[in-house]
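**Student:** This is the structure I have questions about; it appears just below.
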């Protein structure tokens, strides 16, 4: 019973990770009105969050060995709550960048530590369900913000509400600290060995793995950051409707991860990855060509396609490279994903501003094709 409760607390922590992740893309069309900046400035905020997420991800293995995972995660959730409060209070664009620092530091530490914890110690379906709970948070964030905007409140109120939810999750984590200390009794050891990035880069196949995370997270981040703007500018939808449709994407992402947890009992990780990419391409096509109901279908298929990719690639890490190295490698994989967010969505934002938002699905299709090629190369290096 205690082990089940402990796993549920791990899931709850991943909800806290998902809550802020999708807010900027949904809220930016409204936030822009309060700051004298261009549309592409959202990329600067995203870049700042991701930069500090990279720093946190790379250092998480060493910090976990010093502090213990319980105290590390509690501190990280408090940092994200602080960052969200900073967003709600910012009166100048510069202060949004300041608030992005604790948001990135907290997110990077949570992501790396929990992914390693689960990939080493729990079954593949737990990894998918862990990321399903991230989807719960990522779905709840836009829904809360959309409800706040429809109720004629400011986007600042939405950020304050979500920051308060983060604080409540931190309180739960504080009272659960004794459970984290007894994690060894639950067979959930902190099995970390810190290794220099230079040594990891020489490990067979690691370059392809890092690139696959960079491309996938860039794809996902592009949907997060520009999906709402695409629906508003290219499909002429209202901000509230665009927010709702993007919430459908996150709902599909979440439900897809729940279902894929069961699918792992029958299909190999490789087959799940290829099936996911096929669904992605179908969804991208529907989103590019569709209107009204097809937009809902397209974003739903994109969500289903994305659902299993990240957790499946993450769970493969210990099998490919060994459990003792997994924490350091996962830190680099998450850092690579953060680099993808830093570089690709902001670059796309500049192109969208200079050319047209209609290029949004074209870029998604290109990223999916690159991910397919990288996955094939990894499979040749590390067959089952």
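Cβ atoms here come from the backbone N, Cα and C positions, even for glycine.
TrEMBL does not curate its annotations; it predicts them automatically.
So TrEMBL says this about it:
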type	residues	note
DOMAIN	6-382	domain 'Major facilitator superfamily (MFS) profile'
TRANSMEM	36-55	transmembrane segment
TRANSMEM	67-87	transmembrane segment
TRANSMEM	93-117	transmembrane segment
TRANSMEM	129-147	transmembrane segment
TRANSMEM	159-177	transmembrane segment
TRANSMEM	206-232	transmembrane segment
TRANSMEM	244-265	transmembrane segment
TRANSMEM	272-289	transmembrane segment
TRANSMEM	295-313	transmembrane segment
TRANSMEM	325-344	transmembrane segment
TRANSMEM	350-374	transmembrane segment
**Student:** Report, as numbers and ranges, every residue of the chain located at least six residues beyond the transmembrane segment (272-289) whose Cβ falls under 8 Å of a Cβ in that stretch; write 'none' if there are none.
**Tutor:** 219, 260, 263-264, 295, 297-309, 312-313, 361-362, 364-365, 368, 371-372, 375
**Student:** Between the transmembrane segment (36-55) and the stretches 206-232, 244-265, 325-344, 350-374, work out which stretch tops the count of Cβ pairs under 8 Å.
**Tutor:** 325-344
**Student:** Could you give the mean pLDDT over the domain 'Major facilitator superfamily (MFS) profile' (6-382), rounded to a whole number?
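**Tutor:** On average, pLDDT over the domain 'Major facilitator superfamily (MFS) profile' (6-382) sits at 87.
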**Student:** Which bits of the chain, at least 6 residues beyond where the transmembrane segment (350-374) starts or stops, bring a Cβ under 8 A of a Cβ in it?
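**Tutor:** Sequence-remote neighbours of the transmembrane segment (350-374) are 38-40, 43, 208, 211-212, 215-216, 218-219, 222-223, 226-227, 229-230, 233-234, 274, 277, 280-281, 284-285, 287-288, 302, 309, 344.
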**Student:** List, by number or range, the same-chain residues at least 6 past the transmembrane segment (244-265) whose CB is under 8 A from its CB atoms?
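**Tutor:** Distal contacts: 22, 25-26, 123-126, 128-129, 131-133, 135-136, 138-139, 141-143, 146, 223, 227-228, 231, 237, 272, 295-296, 299-308, 311-312.
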**Student:** Among 93-117, 295-313, 325-344, which stretch has the most Cβ pairs under 8 Å to the transmembrane segment (206-232)?
**Tutor:** 325-344
